[in-house]
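Trainee: Annotations per TrEMBL:
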{"type": "TRANSMEM", "residues": "14-34", "note": "transmembrane segment"}
{"type": "TRANSMEM", "residues": "46-68", "note": "transmembrane segment"}
{"type": "DOMAIN", "residues": "123-244", "note": "domain 'Palmitoyltransferase DHHC'"}
{"type": "TRANSMEM", "residues": "168-186", "note": "transmembrane segment"}
{"type": "TRANSMEM", "residues": "206-228", "note": "transmembrane segment"}
Amino acid sequence: LAPSHSGARRWRRILYWIPVLFIGLLLGWSYYAYAGQLCVVSMENIGEQVVCLIVYHLLFAMFVWSYWKTIFTLPMNPSKEFHLSYAEKELLEREPRGETHQEILKRAARDLPVYTRTMSGAIRYCDRCQLIKPDRCHHCSVCDKCILKMDHHCPWVNNCVGFSNYKFFLLFLAYSLLYCLFIAATDLQYFIKFWTNGLPDTQAKFHIMFLFFAAAMFSVSLSSLFGYHCWLVSKNKSTLEAFRSPVFRHGTDKNGFSLGFSKNLRQVFGDEKKYWPLPVFSSLGDGCSFPTCLVNQDLEQPSTPAGLTPAIKNLEGHQFPSKPLRESQSHLLTDSQSWTDNSTNLDKGKVGKKDNLCSFVLKDEKLNLMVHVKCDLL
Ligand SMILES: [Zn+2]
Ligand SMILES: [Zn+2]
């Protein structure tokens, strides 16, 4: 890079920290205003003072911890197996586009658990990183990298929100919302006193007023953002997927990764409930491959028309449904690395278990149809 180019990039990197600095300063001021000016200076009741200070510090600590983890957890990038080999890159350079280009990519992606495609049905490939994009992975133009299960690039944390820190981001939203609601609720009576001239004429009264305004304003914006992300988690969607549904081999499927409410929740928060409220990593999977609900509807819902019975019938009768079912990878579900290389016409031997899930993989080479039926053992 030319010196002026790298200089501009360095300046841009510094500028990206301004929103984080703004939140940091706001948080520092809110600590001084709430703990110092409101609790210590203005509250007269000792009991109220102690309870407010304890709850406040607890929320403050959780807020700072989850915010810190969201900012400083590095986003995860696709593993080595998704990168093209030197020979494959050379071949691609000779065939910049067209059918041969796609053939090279298809061959390279043969053993990879990639089930999503571009809008035109092609293999998702990142020219910039020279790799085959895993499902739910996107290239971030700010980070200039491919980010696993990318949600969005967040300027308020100066980081990409994705597989590695999505849980931290959700907790950051939740604790910052609780922090603002708590401040607004406990500050309200002093805020009213301000307008009815019930407060002594000190500088504390202005801190109390601004604190209420700021807390109420942030509560409104945070609750809408947090509500939106709760909905996304319940549907197992990323922000990017909410705007553009993922395309599978059989077509677009807006609920392609949804496994039903409780399983969707566990995908982000993990199986152990004691870790749910803490910003420690507990999400399920490796970020490169994701289980999907394959039989049209959520398996948890009894209204599922296909249910388990037709799937088992298929398994026994070796008959495939005329309409392709929802496909999936199953690194999370099967123990085997790959099943696509199997030369037998019908392979129903690969059965894997994880998280109380059982997956059967059937493959018919001639029809080039793969039915991946997953059923809940419980
Ligand atoms: Zn990329
Ligand atoms: Zn980014």
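Cβ atoms are placed via backbone N, Cα and C, with glycine included.
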Trainee: Six or more residues out from either end of the transmembrane segment (168-186), which same-chain residues have a Cβ under 8 Å from its Cβ atoms?
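Mentor: Here the qualifying positions are 30, 34, 38, 52, 55-56, 59-60, 62-63, 66-67, 69-70, 73, 151, 154, 157, 161, 211-212, 214-216, 218-219, 222-223, 225-226, 229, 233, 268, 277-279.
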Trainee: Let me know the model's mean pLDDT on the domain 'Palmitoyltransferase DHHC' (123-244).
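Mentor: For the domain 'Palmitoyltransferase DHHC' (123-244), the model's average pLDDT rounds to 94.
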Trainee: Per DSSP, what is the residue count of the domain 'Palmitoyltransferase DHHC' (123-244) in each of helix, strand and coil?
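Mentor: Computed counts for the domain 'Palmitoyltransferase DHHC' (123-244) are 67 helix, 17 strand, 38 coil.
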